[in-house]
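The transmembrane segment annotation in TrEMBL covers A:83-101, A:113-134, A:140-157, A:162-178, A:184-204, A:225-249, A:269-291, A:303-322, A:342-362, A:382-403, A:553-578, A:599-626.
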Amino acid sequence: MKNTNSLLVLALFFGLAFHGASIFFTLESTYDALIHLFFADHYASSWFEPWDYRWYTGFTVQGYPPLVHQSIALLSYVGGLKFGMFTVALIAIVLFITGAYRFGLLMTGNQKVAGYTALLAVFSSTFIETLHIFGQLPSIIGLSVLLHSLPEIYLWIKTGKYYYLITSLSLIAVTVTSHHVTPIFGMVFFIFPLIGMVIMDDSRDRVNTNRELTFGVFFKSFTKLFWRIITFGFSSLVLIVVCILPYWINSKKNPITQIPIPHGSRDNFLEVTSSGLVFFIIPWGILLFLLPYIFYRYYSKRYLFFGLSISALSILGTGGTTPIPLKVLGETAFNILTLDRFTLWATIMALPIFGEFVYRLVEGDLKSQLQHRFGAIYHRLLSTVLGGGILLMVGFTMTLGYFRPSQPQKINMLPIVNFLNQDQHDKWRYLPLGFGDQMAWLSAQTNAMTVDGNYHSARRLPELTTRAIERLENSKFRGVEGIGSLQQFLTVPEKYNLKYIFSNDKFYDPILYFCGWQRLQQLENGIMVWEKLNVPPLPANLPKEDVAQWLKLMWGTIPILTVLLAFVINIQLLWYRVLNSKKLPLPAYMKYGVNYTKFPSALILVNHIWALLVFLCFGFGIYQFYLQNTAQRSPQNVVKAYYNALDFKEFETAHSLLDTEKGVSIAQYMQEVSVTDGILSSYAKLDAMEIRLLHETRHNAKAEVKTFWVTPLENIQKTYTHDLVERDGKWYIVPTYLDSDLPPDQLFSSNNTTFYNHGRRRITTEQTHHEDVLQQPVLEVLSAKLVKKDGRFSVIGELQNVDNVPADVVIKATLYNEDDKELAHYNAKYHMKHKLMPMETTTFKINFEGIAWSQTTDTLPPSFNPDEFTPVELEGQPTKFNLQCAGNVANIDLYKGLVLQELKKVPTGLKGQLFNSGIQEVTIPLLLISYYNKEKELLWVDHKFIGDGVRVQRKQSFNYTLLEMDSIVVINSSLKNCFVNGLPNAEIADKLITERNTQHVFEQLQPFSGSGFEFIKLEMNSYIGNPR
Amino acid sequence: MKWSIYILAWFIFLGCKERAEVPTSNLKVKRQTVSVPSTVGMGLEFEFHVQGDGNLALLLDSSFGSMLFKPKISNDKVRFTVLPKFTQQAGEYSWKLLGNSKVLFSDTFVLAPRSGGTHVMETYFGPRNVRAGGDDYAMLTVMPTDDYDNPLPDSTLVSISQQISSKTKVFESSIKDGIAWKLLYGEESTGRMLVSAAVGNTPSKELTAMISPSNSRNFTIGFERVHEYADANQVISFTTSVIRDKYGNRVSDGTLVNFIVVNKEGALLKSMGTTLGGVATAKMLHPSHAEDWQVKAFITGEAESDMLKLHFKSAVQDFKVGLSKTNRKITVGPILGFMGQLVPEGLLIELEIYDGNGDFIEVKQNNSRMGKGSFELKEGFYPSGQYQIVVHLAGIKKEMNIKLTPNEVE
């Protein structure tokens, strides 16, 4: 047999052809690949400077080992960042296949088996998932190099030749600089068992048969090899510390304050089946059927330590399914580590044994056994089933991203990059929303900065670290913490110099509008740009945490040096082999191979039973899935299916579940759906539902459905009742009636004043010209007071635009204690109208929100609640407040077409209708309800979002439950510290409306008395989803 | 060791250098002509008569910095020429003639900014918006400079022109400390104020401010409707008279007017309109039942309208309530309107349901369709028994007691 194994060549050929071609379609939509690309872009532009301003208001890249990023960066000088990424990915593929080959050879001492191992590695579902779905390039490279180092470590300990110590250490160094977790855990799970195996082999040399190998013999070998083990262990520890010393220093200096972010690998896989699929079924794949063989082999004497290791790895990989991982790792490690890596290592460790099994099945003793016992056809059938199973897993894993996309559609970044480069837009921070992991690719292409980021261990802003969210960008998937965190950024954007938002998900639009943002323009790629007025640009000098020069130098040079060194040392051997005609002695581990002569027949039986069991489990799982998800099998199922269809906007499916006898055609149904708009139908995500059958006969049922909707603004709970009917064994929903109101006019006209602001009239790159700067509209604070309700402090008041132009209003309140010490400040969120026409008034309320769950004692709420409010912790009793109001000329979102009609007081509160008299469809109406006492003084401001939109010339009824005002304490109601555009309010009040008629405000109050109040006022604000 | 000897030898060799000779001071210099202009940008000429040898140089100090000039020597005459580009800065200059590093002559002179010729005029005007009435003003600030950006001297006259509605006024202002300024008042009528400034023949660019209307005065309102019936379908519109300020200017476009309607029950309904050409229009839906409305419009804090009183007659006089055999289906209608026609689609029908003891259970709502509406009391919710129902429609109320019986077996 030739030295070059033909199976290895085949594996490399297939590996490069298959993975090499498909990475171009998968890698960019993986979770991690683009993050590494961003880091690479950082090194490409500033190699030695670890500080990057572009994410999280600045962070250090010393929080992640740099080798892979720096390699991509180096290659990017040749052909761009993506060229670098794909080249590194190709190198990773080659390293992994050859690594698996060498690992196989080391373990089995049989080149054929090693060849099979390499071939199976190419098609192992765990590798495919890690590369094509997760995109964890550093992890793959780290692991592959670790696999390469194993034979060298073996040889060092076995033979004691210093050459092998040097080669193994050089490879360990590369592993360390590419991924920090791999060498640390690799030490425990790969190298310790390997050392055990070496000692075992050494002991085996002392005795004649395996039986004579006792603990005494083993101990003797251990003492003999002890110093080699210690030398290796100590030097690799030094390498782990020194090679990425800046990383350790940074970890010590900036300990991860991030509270745990939920990760699917920590779920109970039986409860959360999707996590079970991704983190258990897919990585194990076909290996699940062969577990008895794998464990049988790994628990043989030579592999005993590997047996222990793989058992530990498989159990740790089960996440929250069993309580063991939590107990073994402890609370902290369990919540920081992603446990999928244990499964990855377990499956990689199983590869040589899998290779051995396939070898024995294809051309070894298992083949002859099977043929002998069950006949040739059964053997062929079994091989075909195994082969088919492997192919099925490959196909399934590769297409997972296609059928269940984990990322939004690929976004063309060029228009956004151009926008940021234009007109000094990069002087402010931006925030992408709904971009998925592609936000990293956007950041890599621009110098502009964002408050968000995609490497959460590096976060510093407490607004982010105290919440279990991955990114602000996809905060809607993270419930209360997500939207809560996002709302903080949207309400006080001045704090972060955040001016532009790129929205790729209209889910967030309402919260943007109600926080006072306005649409700027839609880019060519369909991304909507939102902007906020009155946000100062970034200061010229931004703070950064500097590190010592020598650390920067270490970080910039050591990783690449380790690669060069490892290359020189290890490749030299290859050349030596090629150029030297003398036959080299076989490596020491080659002589411990087993002769595959007699496959244990009991094992065949056990493995058959096991495989059958696994099949049965799968079958049961699929049957359960069928029972729960067949739409029309039971009344509950049809209701569930109907609401799921509505949630995913699959109206055709929803229509197919409606009772045909009532005769709603699909055309009619689509027509009805197309005219409904509002927060529930357009901006809500169904979070949960409870279905209760009120009444059930054989063919009829009545179901009460309590639905819980997540919206960007609030959590909405709404109960519906449905009549259900069974026809021919299938259940249907009886359609409910639709409002038959007809507007009076087919065509009508509307006259309105519209405004246009040129921005800069002169096309220049200079600062906006003096003459083009618009005067700030003048506002007047009519009343303002600091009140306390239910233990919380709020600043409420009323404000008027007294200028002749429409104004965009930002109100910021600061609380002080008796000693004039500042306690807290915050902006008005949606308790105000942010856009005011000339002479329009608005009431406002400013709540002082703290950063949620900053105290570790606070327990995390288990479910979603976006309007969850965390009052700020005040250091003292606030007694004074300062109000800063700023007006800027507004020219959009000035719709005033809503009319308040048919208002009535009912026992529960208020009932009324909103009528839309204008020509824009109001998607989300907001009612601001203010309460006044007998003296007509403002007491409190409340709000209500109305669930359904108001179409043109139509009405929408609403109900509002009045609050109790008995507990209100007015602490301070002085206008002394109120400022408008930086000027004292009193001066403005004297100048513009000299003879103010104060009765006007009073005359517009509703005389509705309730507990603690005598008057109320209703104001309307309207969000228009699709302005015309 | 060998190398260090070499290096040492080189140092010694390099160190042996001849000392530069200092000229003997037998120098005699006589001042001949010093031509100093009065304004900037002209250049300077210095001429001296020299006897003996020596190094001569002219040191010129100005606010720009210090400059050293070398002479041109012809026979016994030494001439220093300072080019115009070195004297562009207005202000004090001092010069020194240095001979063999000693000051031989020195003097100071002042260069004034250049008057006449072209100037550059920096102007600032604001606020860009003044209220009508003649007591609100904007300020024009002028900073005229000469070609070399030197501020013009104090007391230089600047003429400032202001044009409002085709009438031009010219004011004069004089520069002090480089700046001239003028408060420019608006007039009683709205419009555009154009201003400019000039120094001598040099004009500034045109600057502009808007004169916007002052506070609005009280106004009147009117209304327009198709008919006087409360059919909950037609739209009534309210219009203001042209709203003006006390000088007769129409209020600026977009001014918000609140229309407050007080209904029979004392509740306040609200519509809004923004002005266009001084007129604001607001719309409201007709009520669903007979109503008396009192309408008043406000520009909060500034102005209000007169009170408008309106009456709506009920569009529906009466209607029938039909019951099915089991009393479980309740049909309302046909509902007829004021001309005996079927009422428009969408009239709200409410059904209040009470149990036998008169305890409230729920309210069901429906809309009229083809003049009718119906409700179904299903067995799942309403077990057979005695109930009391109340139908509300267009402000009319109908009560009845019904007994629900079971449906036939399916």
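Cβ atoms here come from the backbone N, Cα and C positions, even for glycine.
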Fill in: Long-range environment of the transmembrane segment (A:342-362) - Cβ separation under 8 angstroms, sequence gap at least 6
100, 103-104, 107-108, 110, 112-121, 124, 126-127, 130, 139, 143, 147, 185-186, 189-190, 265, 279-280, 283-285, 287, 290, 293-294, 297-298, 306, 309-310, 313-314, 316-317, 370, 379, 382-383, 386, 596, 599
Response to the item:
Top stretch by Cβ pairs under 8 Å to the transmembrane segment (A:113-134) (candidates A:162-178, A:269-291, A:382-403, A:599-626) is A:382-403
Practice prompt. Report, as numbers and ranges, every residue of the chain located at least six residues beyond the transmembrane segment (A:269-291) whose Cβ falls under 8 Å of a Cβ in that stretch; write 'none' if there are none.
Written response: 124-126, 129, 133, 317-321, 339-340, 343-344, 347, 350, 354, 357, 386, 389-390, 393, 396-397, 400, 607, 610-611, 614, 621, 625
Worksheet item: What parts of the chain pack near the transmembrane segment (A:162-178), using Cβ distances under 8 Å and only residues at least 6 beyond its ends?
Response: 65-68, 138, 141-142, 145-146, 148-149, 152-153, 155-156, 186, 231-232, 235-236, 239-240, 243-244, 558-559, 562-563, 565-566, 569-570, 573
Worksheet entry | Whether the transmembrane segment (A:225-249) meets the transmembrane segment (A:553-578): three or more C-beta pairs under 8 angstroms | yes
Discussion item. Restricting to CB pairs under 8 Å, which listed stretch, A:184-204, A:382-403, A:553-578, A:599-626, is in contact most with the transmembrane segment (A:140-157)?
Written reply: A:184-204
Worksheet item: Short question: which residues 6 or more past the ends of the transmembrane segment (A:599-626) have a Cβ under 8 Å from it?
Response: 273, 288-293, 296, 360, 364-366, 369-370, 373
Response to the item:
Across A:303-322, A:382-403, A:553-578, the most C-beta pairs under 8 Å with the transmembrane segment (A:184-204) come from A:303-322
Practice prompt. Using a Cβ-Cβ cut-off of under 8 Å, list the residues of the same chain that are 6+ residues beyond the ends of the transmembrane segment (A:553-578) and lie near it.
Written response: 3, 47-48, 50, 62, 65-67, 70-71, 74, 145, 148, 166-167, 170-171, 173-174, 176-178, 242-246, 584
Fill in: Positions on the same chain near the transmembrane segment (A:303-322), where near means CB under 8 A and six or more residues out
107, 188-190, 192-197, 200, 265-270, 275-276, 279-280, 283, 294-295, 297, 328-329, 339-340, 342-346, 349-350
